[in-house]
Structures are given as structure tokens and as C-alpha cells.
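Enquirer: Sequence annotations record features per position, and here Swiss-Prot assigns active site, proton acceptor to K195 based on sequence analysis. The annotation NADPH binding site is assigned in Swiss-Prot to S11, W12, K109, A144, R260, V284, E286 on the grounds of sequence analysis. Residues annotated as sn-glycerol 3-phosphate binding site in Swiss-Prot, with sequence analysis given as evidence: K109, G140, S142, K195, D249, S259, R260, N261.
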Amino acid sequence: MTKIAVLGNGSWGSVLGSMLADNGNDVVLYGNIESVNDEINATHTNSHYMKDWKLNENTRATGDLEDALDGAEVVLFVLPTKAVRIVAKNVREILDKSGAKPLLVTATKGIEPGTKKLISEILTDEIYPNDEDKIVAISGPSHAENVAQKDLTAIACASTNEENAKKVQKLFSNDYVRFYTNDDLVGVEVGGAVKNVIAIAAGILVGQGYGDDAKAALMTRGLAEITRLGVNYFGAKPMTFSGLSGIGDLIVTCTSVNSRNWRAGKQIGEGKSLDYVLKNMGQVVEGATTVKAVHELCEEKNIDMPISEAIYRVLYEGTDVETEIKKMMGRAPKPEIRL
């Protein structure tokens, strides 16, 4: 039995924790909302994030980070991007005292504005300087609501260290979620992060009343943008974006009502403001954060990402959705295949 500390007990953290307990692991969920921790421990439910669902009874929750990390061989980060660095600093302090060197796994999908760093890079900075090998990223078509019901899916687990990727593959795989190893850590992370921006755009199209052709075209051109950023800035492998963490995650996030980013975009397409949407969503919309980092990269490195840039302008510069759509369709002719 492996002890796994799951940092973040929102919907995805709770579902992953329950799944890992299904696999026979000793799972402790860490979160900072006392009422959520109390409910998980008392009834193994998490009604704040997941209605009408129960966690595996061999899970427990705590608000004490040191308790969660004590004896953990694997630490799974399932936090909002904006919280990763501060929690990682606290993790480093505790690990330095204990001397423990657990494997770090990130299920967070985002890019940090300002630093423009991926989650694995933040964890390397704060916990394992110059030791990226001890970090694994998991990403793929996997909404918490579906995995909670043990619907079937497949997810990539990526690391620069093949043995660590295989360890995660063995620990996480079961009869309803299949994990595939991948050696392109940054590529897997870029796909998982930037598809949230494209999903906001897909939701906007639906909110504006556009049909399937428009959505398919958007997703395809969005994938081109994700690939361009991943290859040209982060040094990712182009083929990664044809996999589970690329097109797989993009499809489900751009088409499912379970996607927060898609739902946020739909409301914006219907005329609601970003502030209104974020206030009423009740959960994190990662694409709204990631698009800031993408915008910074586009400006600094002259990367051509017109869909992502249009979403940034709609969300943060107050431009009109209809105007941005007209601008997009009126751009100068370009070849389809280019990096």
C-alpha cells in the first residue's frame, strides 16, 4: 500500500483521491476549507464540489499539510494554478525537515502569469531545484464528473524519467482509467493548459449561436495554436498534441457541459461579463488565468495565436465578441500547416 497525499480536495482532487483509494492506496486529501474536510471525514461526501457522489471510504481529509505529507511516497498537486507556488513553498519546508523525497505528480493544468512557467517548472523551482526527473504530469480527457461515475477514459502520464512515469502508470491505472506513459513533460502540460483557453472560445461560439462547423474549425485552429506555442517556446514534440493531452483533452473540454471553461465562455457569448461569470461559477476557470500568460508570451516572443489573443481582449480589454469574430474571419490569408 502506497501513501499518497492529494493536495486539493475540490472536485478533481476528490475524484482522483477516491480513484487512488479504489486502487488500494492509503490516500489523504489536503484542503483549506474546514467544512469540506469535516464532511469528507464524516460521510465521505463532498457536496460543496460534487453532488450525489461518495468518495471511497478509505480516504480521509485534513487541513494540516504536515499531517498529509507525513510518510507520503507520492504527492499529487490538484490545486488552482495561482495556489501552486505558495503551497509548494510550504511543502518544501516540511520535506526539508523530514528529509523525505516523495515523487511529485501534477494534475493542475495551467501556466503561471508573470513567470510564464508550467506547473512542473514551479514545482522544480520550489521543491526539487535542478531535479525535474522527480515530477510527473497527468493530463487527458477526464472530467471529474465522468471519472466519478467510473466512466471509461485514458490519460497521459509524462516525465523526463521513464521509470517515474511507469510508477505513476502502475499506481493510477485501473479498470476504468487507463494511463499511457509519455516522455514529453512540457508538451503534455502545454496541451492541458492552453486547451482551457480554446474551450472558452468554443463556449463563446455556442453562446453566440454558431453551429458545429464553427466549433470544429475553432478546435482545429486552436490545436494549431497550442502546438505552435508548445513547439516554438517550450520545446515540445509536435506529435504530443495529437495525443490524449492534446486533441483528446481539447475535444472533451470544448464540447462537454461539464467543462467550466466551456460554460464560462458560453455565458460570455450570451453577453455576461467575466466578473459575473467567475463570481457565479463557484469553481476555478483556469483558462481565464492561463490566457494572461499566453498573452504575455505572444507579445514577448511574437508567437501567432489569434484565437487566444482574441479571448484575452474579450476578457480583459473589453472588446466586443462580434468584433473579434469579424476580425478573425477577415485576417490575411495563411497556409494551413505551419509552426
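Cβ coordinates are placed from backbone N, Cα and C, and glycine is handled just like the others.
Mind running through what each feature is packed against?
Expert: For K195 (active site, proton acceptor), the same-chain residues lying six or more positions away in sequence with a CB closer than 8 A to its CB are K109, G222, I226, G246, D249, L250, T253, C254.
Following the DSSP three-state reduction, the secondary structure of W12 (NADPH binding site) is helix. In the shown protein chains, 25 other C-beta atoms lie within 10 A of the C-beta of W12 (NADPH binding site).
Under DSSP, D249 (sn-glycerol 3-phosphate binding site) is assigned to a helix (H, G or I) in the three-state scheme.
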Enquirer: For W12 (NADPH binding site), find which of the binding-site residues G140, S142, S259, N261 come within 10 Å, Cα to Cα.
Expert: S142
Enquirer: What's the number of neighbouring CB atoms sitting within 10 A of the CB on S11 (NADPH binding site)?
Expert: 24
Enquirer: Spatially, which candidate from the binding-site residues G140, S142, S259 is nearest to V284 (NADPH binding site), comparing Cα atoms?
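Expert: Among G140, S142, S259, S259.
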Enquirer: Please tell me which one of the binding-site residues listed here (S142, S259, N261) sits closest to E286 (NADPH binding site), measuring Cα to Cα?
Expert: N261
Enquirer: Can you tell me how far the Cα of S142 (sn-glycerol 3-phosphate binding site) sits from the Cα of S11 (NADPH binding site), in Å?
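Expert: Answer for this pair: 12 Å between alpha carbons.
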Enquirer: Looking at the binding-site residues G140, S259, N261, which has the shortest Cα distance to S11 (NADPH binding site)?
Expert: S259
